[in-house]
Amino acid sequence: MDAGVTESGLNVTLTIRLLMHGKEVGSIIGKKGESVKRIREESGARINISEGNCPERIITLTGPTNAIFKAFAMIIDKLEEDINSSMTNSTAASRPPVTLRLVVPATQCGSLIGKGGCKIKEIRESTGAQVQVAGDMLPNSTERAITIAGVPQSVTECVKQICLVMLETLSQSPQGRVMTIPYQPMPASSPVICAGGQDRCSDAAGYPHATHDLEGPPLDAYSIQGQHTISPLDLAKLNQVARQQSHFAMMHGGTGFAGIDSSSPEVKGYWASLDASTQTTHELTIPNNLIGCIIGRQGANINEIRQMSGAQIKIANPVEGSSGRQVTITGSAASISLAQYLINARLSSEKGMGCS
């Protein structure tokens, strides 16, 4: 890792989210919260942990990059201690690696993967860690999971490099501010129906709901601070709307946009409350070689974007000699903004995976 790049980012406030199983979180918290208190004090990072009635929980780390890296190193060391303890009386021939799951905005995954997978290959080779970026967004969010596995030093170094790529991506972003719909796990009692119709517990699904800080209120940002995210109040509104739906969350194609019926009065009322102005129209052009990524198989992707944003989206027929297709988005300013974000997230994701 380039030291100069690292030092230049030490004063940047960074927010990184981890997805962990309840048992792992319990170890990080420690008896009477002693372990997480020590990590907070020694690293200087702020640490939020989502409510405990879910099989999986979100740990949110916020602070200067050097504080984040210190907190990560301490968390990884704690996980390594747990592995060593579990191996004391074990007859297993090999010990499992330390494994972390980061939760990052889908718009940044393309940069992490790189053209033809070159960037993620570089990170793997330079750190020695195994790194896998999930192909699908986490349910009801615009985030994806990144799984990192290896020895503690490799995992720590890998996290640093991923953070640097995220910082670089933001600094080069022409838009500067993008909206992220954060993933939040659901309690185990709530079933979801996934792609293919399988029924399972929602340890990997969830509508947004409030998170609880062990020391204070929930954070307003779920990725790098400075990005525009849906506020906790709006998340609460979305949660209320989602719970009023009578159907289960049907995940079409596993993209994670489904779960809210945009035709319901509750959802229409929600978007109206965000922006009561008259409807407007926005047009954009998408290259012909990428339009299929937006439409999806049998229109699954575009329908999910319509449902999640509440906007009307029309894709013009191909025009001979044109290199792109015109897309017309109609709705309130809020719904148009969200539709644009979801389209950009899909494009960024597919470009990173080499969509042609």
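Each position is counted from 1, following the chain as shown.
Cβ atoms are placed via backbone N, Cα and C, with glycine included.
Among the features that Swiss-Prot reports, N-acetylmethionine is placed at MET1.
Marked as domain 'KH 1' by Swiss-Prot on the basis of sequence analysis: 13-75.
For 97-162, the entry in Swiss-Prot reads domain 'KH 2'.
Annotated SUMO2 cross-link per Swiss-Prot: LYS115, in sequence order. Counted within 10 Å of its Cβ, the other Cβ atoms near LYS115 (SUMO2 cross-link) come to 11, all protein chains included. LYS115 (SUMO2 cross-link) falls within a helix when secondary structure is assigned with DSSP.
The phosphoserine feature in Swiss-Prot is assigned to SER173 (among others).
What Swiss-Prot lists as phosphoserine is SER189 (among others), and the listing cites similarity to another entry.
The phosphoserine annotation in Swiss-Prot covers SER190 (among others).
Residues or ranges marked as phosphoserine by Swiss-Prot: SER246 (among others).
The annotation phosphoserine is assigned in Swiss-Prot to SER264 (among others) on the grounds of a large-scale study or a structure entry.
If you look up Swiss-Prot, you'll see SER273 (among others) marked as phosphoserine.
Summarised by DSSP class, the composition of the domain 'KH 3' (279-343) is 32 helix, 20 strand, 13 coil. Taken from Swiss-Prot, the feature domain 'KH 3' applies to 279-343, supported by sequence analysis.
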